[in-house]
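J.: Take a look at what TrEMBL says about it:
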COMPBIAS  13-23  compositional bias 'Basic and acidic residues'
DOMAIN    43-445  domain 'Amino acid transporter transmembrane'
REGION    1-28  region 'Disordered'
TRANSMEM  70-87  transmembrane segment
TRANSMEM  120-140  transmembrane segment
TRANSMEM  172-189  transmembrane segment
TRANSMEM  201-222  transmembrane segment
TRANSMEM  242-261  transmembrane segment
TRANSMEM  282-300  transmembrane segment
TRANSMEM  330-349  transmembrane segment
TRANSMEM  369-387  transmembrane segment
TRANSMEM  393-415  transmembrane segment
TRANSMEM  427-446  transmembrane segment
Amino acid sequence: MGIGDGSPSETQHAAHKEKRDETTPLLPLKAEEEDRIHEFNGASFSGAVFNLSTTIVGAGIMALPASIKMLGIIPGILMIILVALLTEASIDMMVRCSHQAKITSYGWLMGDSFGQWGRIALQASVVINNIGVMIVYMIIIGDVLSGTSTTGVHHRGIFEGWFGPHLWNSRPVVLLATTIFVFAPLVSFKRLDSLRYTSALSVALAVVFVVITAGIAILRLIEGTAEIPKLFPEIHEINSIWELFTAVPVLVTAYICHYNVHSIDNELEDRSQTKPIVRTSLALCSSVYVATSFFAYLLFGEATLSDVLANFDSDLHIPFSSVFNDIVRVSYVVHVMLVFPIVFFALRLNLDGLLFPTSRHISHDNRRFTIITVSLLVVIYLAANFIPSIWDAFQFTGATAAVLIGFIFPAMIILRDSYGIATKRDKVLAVTMIVLAVLSNSVALYSDAMSIFYRKVEA
């Protein structure tokens, strides 16, 4: 019997092993570790929550305060919670189908439901999404270390504040040095396991950012020096309504973790724990997102930038303001640098799976490994120098690849119902998710395209 329906074609049946090999990029378990897996007693509940939370919390957190500024406090927080609930539902759809058919990767699941083109569509989406995320990471590093002038007002970077403006601390030079001396060594590892300690450190640094931001905002609130934020969006004309939709792709991108769910699920001894693990992780990350968005917006008000880290170059109106500014910015930049290779790992494997689906694993081909690694680093570096802000990058990836990975593909799988487990509620929810995703992100893309057009006309 095949996986899925009762009588798969011989071609589909014979392709199952190939599918699994080809979708290894979506399952970060190394081939050379397979013998060790048999000795593995299973990941702990807390370890799985930590790993999934690490996947979720990334650069998206930096753009969420700008989303709250656009939507207002109440709609903004409600949207963060709504996207978290929809994310939990979409992951549940994936996991139930996978458990029913004993499928161990997202790519295999898409291939099993929609054939080779389903797998290719997913892998291409992961490539686009992860390239976009890493461009955002590099833009953040450039904003913090070299400064940014995207709003017309120059915000000094750390190096400029310490040493003054020079050629050596300009954005292109700083990003080039970061790429060569930080990213190149970290992305040269062929096993994800080699990055486990940097991942743990990156989460600790993200917590430092949240705690300091909240502490400063609360202190300012007690002293009465904080600006009272708006509770609801300001709508002056029809274009103001369309602009609100541009916050949706940012919120969607902030929760994308679907391509790592199977790898975490596969390591559990008791796979029934997957659902509570996902819920715990999403509750934890949503709490961090709400706290960061609220307190950062409270701290900077209408001056909140699309990359809120760039705001930490001004007087916070507290003792040792400049010290806290530097601690916040340095901690998060190091966090981004340490998360970068983890996202890059999945990107490189998926791109290799798309370009060379029948070749041996990339970790066993040094030439292919080097060419793909160097090419990706060059593309990301160049894009980070030409894309003006993280908001523009999030608009594209969030409204295209991220929404496909997070909502449309899981909903399509449950509607296809190859495994006979979908309830009427599941199908209604799946249709609702697809309609909401398509409509909101289409409006967001249209609004963003119009915004870019008018910017060029005015220029």
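We number each residue from 1, going along the chain as drawn.
Positions of Cβ are set from backbone N, Cα and C atoms, glycine also.
Curation plays no part in TrEMBL annotations; they are all automatic predictions.
Map these features onto the structure and tell me what's around them.
T.: Sequence-distant contacts of the transmembrane segment (70-87), counting only residues of its own chain at least 6 positions beyond either end whose CB sits under 8 Å from a CB of the stretch, comprise 64, 229-233, 243-244, 246-248, 251-252, 254-255, 257, 282-283, 285-286, 289-290, 293-294, 297, 406-407, 433, 436.
Note on the transmembrane segment (120-140): residues 23, 25-26, 58-59, 62, 106-107, 110, 114, 175, 178-179, 253, 256, 259, 307, 309, 332-333, 336-337, 339-340, 343-344, 346-347, 350-351, 353-354, 376, 379-381, 383-384, 387, 389-390, 393-394, 396-398, 400-402, 404-405, 409 of its chain, located 6 or more positions outside it, place their CB under 8 angstroms from a CB of the stretch.
With a threshold of 8 Å between CB atoms, the same-chain residues lying at least 6 positions outside the transmembrane segment (172-189) that come near it are 138, 141-142, 145-146, 157, 159, 195, 198, 337-338, 340-341, 344-345, 348, 373, 377, 380-381, 384-385.
Tertiary proximity for the transmembrane segment (242-261) is limited to same-chain residues at least six positions away from its ends with a CB under 8 Å from its CB atoms, namely 26, 28, 51-52, 55-56, 58, 60-61, 63-64, 66-67, 70-71, 76, 79-80, 83-84, 87, 90-91, 94-95, 106, 126, 129, 132-133, 233, 235, 274, 278, 281-282, 285, 289, 346, 391, 394-399, 402-403, 405-407, 410, 437, 440-441, 443-444, 446-448, 450-451.
Sequence-distant contacts of the transmembrane segment (369-387) (same chain, six or more residues past either end, CB-CB distance under 8 Å): 131, 134-135, 138-139, 142, 171-172, 175-176, 179, 183-184, 187-188, 190, 344, 347-348, 351-352, 355, 362-363, 393.
Under 8 Å from some Cβ of the transmembrane segment (393-415) lie the Cβ atoms of residues 60, 63, 86-87, 90-91, 93-94, 97, 109-110, 113-114, 121-122, 124-129, 131-133, 135-136, 139, 246, 248-253, 255-256, 258-259, 387, 422, 426-427, 429-431, 433-434, 436-438, 441-442, 444-445, 448, all in the same chain and six or more residues away from its ends.
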